[in-house]
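A.B. asks: Sharing a structure below in structure tokens format, with a few things to ask.
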């Protein structure tokens, strides 16, 4: 079984690529954000640890972390995360190791079952969290900054200021390209992107996608 890690900047068009791969026979796609969401539900160890870590927080601007249903208030949790670099790091240090442990467990489980041929993980922090240690190869979905900016404005209504803040918080494009074994150019039609993917999966090389 092959394990592929996929990453790319916000607005790079990863969702369409992940859907394409997920529809292939004997492929399974996992999303780190969805895993984190599940691991942060009420009653989980992650939930308890975050609540315990911030049990003494008293900030009227942030509000209650837990809502009436007993789950995290996602809006207030986001306020907490972005309230300071220290708080962001504390939460990341709780959530990210738990996500990685879950991913490793699923990899071992799927390998033992032997029912799929390719396991795919999409994660924004694929490089920062050193997933290259467990993935067979990392893919970077490349889309120019201009195209990403245009997509984010049209599909999500983001302002230039918000987009600038998002872009500045991510690794430089050069580092993605340096660390990832495969680069997929997603600047043109999805048809062209999917053709690149098929060539990569067959082990072929071309000018649009390349192995390092």
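Residue positions begin at 1 at the first shown residue.
Note that Cβ sites are derived from N, Cα and C of the backbone, with glycine treated the same way.
Just lifted these from TrEMBL, have a look:
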- 11, 12, 13, 14, 15, 16: ATP binding site (BINDING)
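Are these features on the surface or tucked inside, and what touches them?
C.D. replies: Sequence-distant contacts (6 or more apart, same chain, Cβ under 8 Å) of residue 12 (ATP binding site) comprise 141, 142, 143, 148, 186.
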A.B. asks: Quick check on the binding-site residues 14, 16: which one has the highest count of other Cβ atoms within 10 Å of its Cβ?
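C.D. replies: The residue with the densest Cβ neighbourhood is 14.
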A.B. asks: Residues near the ATP site, 11, 12, 13, 14, 15, 16 excluded, by Cβ within 8 Å of the Cβ center?
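C.D. replies: Going along the sequence, the neighbours come out as 8, 17, 141, 143, 151, 186.
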A.B. asks: Near residue 13 (ATP binding site), how many other Cβ atoms are within 10 Å of its Cβ?
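C.D. replies: I count 21 other Cβ atoms within 10 Å of it.
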A.B. asks: Count, for each of the binding-site residues 11, 15, the other C-beta atoms lying within 10 angstroms of its own C-beta, and report the residue with the smallest count.
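C.D. replies: Counting other Cβ atoms within 10 Å of each of the binding-site residues 11, 15 gives the minimum at 15.
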